[in-house]
Amino acid sequence: MEGSTWSTQTTSGGIMKLKFTKMQGLGNDFIVLDGIRQSFSLSVEVIRQLADRHFGIGCDQLLLVERPTSPEVDFRYRIFNADGSEVEQCGNGARCFVRFVHDQGLTDKHQIRVETARGIIVPRLESNGLVTVDMGAPVFEPAAIPFQAPTQSLTYPLELNGSSIEISAVSMGNPHAVQIIDDLDTAPVAQQGPLIEHHPRFPNRVNAGFMQIVDRSHIRLRVYERGAGETLACGTGACAAAVSGMARGLLDADVTVSTRGGDLRIRWQGEGHPVLMTGPAVVVFSGEIELGA
Ligand SMILES: N[C@@H](CCC[C@H](N)C(=O)O)C(=O)O
């Protein structure tokens with residue numbers, strides 16, 4: 001691993017200067033922090049301050065690049081939602097992660113192995129500038145999501161304020177509840193999203209996906225994300241929606257997912273196989289921010 005060490009400067013007034021890069025994948029935006037060449041401590045309050053769109057830099061998630069804890073992987077990847085909660089997985093972030101470590105000279109590899117809170121993922125920079133990520137295999141077992149259900153099923157009824165919706169429950173490392181709706185433009189994302197996110201049957205909260213099936217190889221998707229609200233795109237949400245449709249026999253094995261921020265390609269060969277996600281990863285700007293210590 002290359003790269004020199006920067007020191008974070010703390011002034012006598014207790015102000016810490018932190019270098020950051022702002023990135024986005026289909027409009028799902030990130031603050032990326034190099035935790036290898038600079039040392040700092042992050043609290044929930046600091047993350048919320050950085051993520052604030054009016055008083056901070058602004059982001060849906062903050063991504064932390066760290067040294068790996070095992071020689072089998074190249075980096076450790078930690079993810080925090082805008083509300084400060086640490087989460088297991090982030091698909092759009094994974095694409096930005098490999099572009100960041102490559103652009104910053106932290107590795108010269110085009111394919112890296114990355115340790116996350118839920119296993120190893122493998123992002124690869126393609127020659128056309130897109131990034132493909134092996135996101136690992138999806139899990140449909142309720143206990144792994146976690147989701148309170150008596151038995152495993154491809155769909156479940158979920159009570160919401162007296163009415164019932166039908167969801168698929170999928171873990172892509174992080175938890176997703178996906179429902180099929182007729183028209184994405186009129187989907188009740190803002191109304192149902194928070195109710196699904198905090199539903200008592202999902203003790204760790206959940207990301208709420210709203211999927212419109214256009215045809216067997218094309219879906220449209222909006223996601224109300226746990227800890228961030230509706231985002232322009234959600235990579236793990238796209239994987240979860242696509243595999244839930246594939247597992248139910250509604251979709252083919254290679255699907256285009258249209259989000260409000262653009263398109264992702266999702267491929268899955270079926271049970272036990274990893275989900276492959278392909279899409280862009282873009283640097284917006286880099287800078288330095290002063291934080292009160
Ligand atoms: N935007 C992400 C998912 C980020 C984490 C999610 N909000 C959660 O709490 O699980 C993606 O692209 O996958």
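Each position is counted from 1, following the chain as shown.
From the backbone N, Cα and C atoms, a Cβ is placed for every residue, glycine too.
TrEMBL annotates N28, Q61, G91, N92, N174, N207, E225, R226, G235, T236 as substrate-binding residues; of N81, N161, the candidate listed for that same site is N81. Reduced to three states, the DSSP call for T236 (substrate binding site) is helix. When each of the binding-site residues N28, N81, N92, N207, T236 is scored by how many other Cβ atoms sit within 10 Å of its Cβ, N81 comes out lowest. Close to the recorded substrate site, the chain also has D60, I79, V87, Q89, C90, G93, V223, A228, T231, C234, G237: residues not among N28, Q61, N81, G91, N92, N174, N207, E225, R226, G235, T236 whose Cβ is within 8 Å of the site's Cβ mean position. Comparing the active-site residues C90, C234 on other C-beta atoms within 10 angstroms of each C-beta gives the minimum for C90.
In sequence order, the recorded positions near C90 (active site, proton donor) (Cα within 10 Å of its Cα) are C234, T236, drawn from N207, R226, C234, T236.
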